[in-house]
Amino acid sequence: MGCTLSAEDKAAVERSKMIDRNLREDGEKAAKEVKLLLLGAGESGKSTIVKQMKIIHEDGYSEDECKQYKVVVYSNTIQSIIAIIRAMGRLKIDFGEAARADDARQLFVLAGSAEEGVMTSELAGVIKRLWRDGGVQACFSRSREYQLNDSASYYLNDLDRISQTNYIPTQQDVLRTRVKTTGIVETHFTFKELYFKMFDVGGQRSERKKWIHCFEGVTAIIFCVALSDYDLVLAEDEEMNRMHESMKLFDSICNNKWFTDTSIILFLNKKDLFEEKIKRSPLTICYPEYTGSNTYEEAAAYIQCQFEDLNRRKDTKEVYTHFTCATDTKNVQFVFDAVTDVIIKNNLKECGLY
């Protein structure tokens, strides 16, 4: 009879080959689809990272899209100057010039026009005079004692440009805008032959209950921490230090049983703000046991250790840490390139292709 196969056996062999081929194709397809979850406390820079993905991987914001951000730029600018003026009352700081009190009253009267995306020359003049005032600057230098947008000085220092009638926000202006994320924002893009699905979820405590259904099938978690938050308290709980809240949250994510096989990427963000702040605000505000110097390198390395030490599975799970400045496109591009290489390697391993 020899080794000839019956028609039935041949069909079985073909079926087996087809199953193997399908399994491999499914594995390759899974390896090519990447689900990224962006987590972190409120105002840690998650949404800015998402905006950078659009700039880096999707040709950025069109002129029409930029125009839509004009109202947000104006709103952020006015919210910032109003926050400073209100804090002056609480901190008992007087205006450098008495006439500025009239400007402050005018500010509250005129502020409404900016909500429609219009900044009148009268309103711009009022804000400029207030921002130049010695008392306002003294209050701004104490911004850790109240809630203020990171982008406050960026917009207020550039009022001449942003108050022009023909003003169109730049990509950088868009990156600097702050809108509280509610719910889940999903972004898709392709990079290095991978199809990315990135989910940005609100960081405030009230938003966290919405995270849970995003967790299934996650390839990697990018956890954002604002380094510059070490001397600040939460917007939603003024008793809680923001860095301590971040550590608590990172601990619960990093050691969660659902994420045993999920890559954890730690973005220690706002390194530019941290570098400036550490010169005048000691790290002991957050970590009383810290005995090192208040230099960027030593203080940043200490914070990195505090987070990495929370990983209770060091022997089997690695935390990939990067120092980032989410508003710097080149920095984010460089870091995300390195992150993608780690994801490719880990993803292929999981699918048995590496």
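Along the chain as shown, the residues are counted starting at 1.
Just so you know, glycine gets a Cβ as well, placed from its N, Cα and C.
Taken from Swiss-Prot, the feature N-myristoyl glycine applies to Gly2, supported by similarity to another entry.
Taken from Swiss-Prot, the feature S-palmitoyl cysteine covers Cys3.
As annotated by Swiss-Prot, domain 'G-alpha' applies to 32-354, with the evidence given as sequence analysis.
Across the region 'G1 motif' (35-48), the model assigns an average pLDDT of 91. Taken from Swiss-Prot, the feature region 'G1 motif' covers 35-48.
Taken from Swiss-Prot, the feature GTP binding site covers 42-48, 150-151, 175-181, Val201, Gly203, 269-270, 272-273, 325-327, and the record attributes it to similarity to another entry.
The Mg(2+) binding site annotation in Swiss-Prot covers Ser47, Thr181, and the record cites similarity to another entry as its basis.
The region 'G2 motif' feature in Swiss-Prot is assigned to 173-181. If one looks beyond the region 'G2 motif' (173-181) by at least 6 residues along the same chain, the residues whose Cβ comes under 8 Å of a Cβ in the stretch are 42-43, 46-48, 51-52, 55, 61, 65-66, 69, 72-73, 76, 149-151, 154-155, 162, 200-204, 207, 326-327, 329.
Annotated region 'G3 motif' per Swiss-Prot: 196-205, in sequence order, evidence recorded as sequence analysis.
Distant neighbours of the region 'G4 motif' (265-272): 40, 44-45, 49, 150, 220-229, 250, 296, 300, 303-304, 307-308, 319-328, 335, 339, 342; these residues of the same chain sit at least 6 beyond its ends, with a Cβ under 8 Å from one of its Cβ atoms. What Swiss-Prot records for 265-272 is region 'G4 motif', and it gives sequence analysis as the kind of evidence.
If you look up Swiss-Prot, you'll see 324-329 marked as region 'G5 motif', on the strength of sequence analysis. Long-range Cβ contacts of the region 'G5 motif' (324-329) within its own chain (Cβ-Cβ under 8 Å, at least 6 residues beyond either end) map to 45, 48-49, 52, 55-56, 171-172, 175-176, 224, 267-272, 335.
If one looks beyond the region 'G1 motif' (35-48) by at least 6 residues along the same chain, the residues whose Cβ comes under 8 Å of a Cβ in the stretch are 150, 175, 178-181, 185, 196-204, 207, 211, 214-215, 217-226, 229, 234-236, 242, 245-246, 249, 253, 267, 269-270, 324, 326-327. Around the Cβ of Thr327 (GTP binding site), 21 further Cβ atoms fall within 10 Å across all displayed protein chains. Under the three-state DSSP scheme, Val201 (GTP binding site) falls in the strand class. Each residue contributes its Cα atom, and for Arg178 (GTP binding site) and Ser47 (Mg(2+) binding site) these two points are 9 Å apart.
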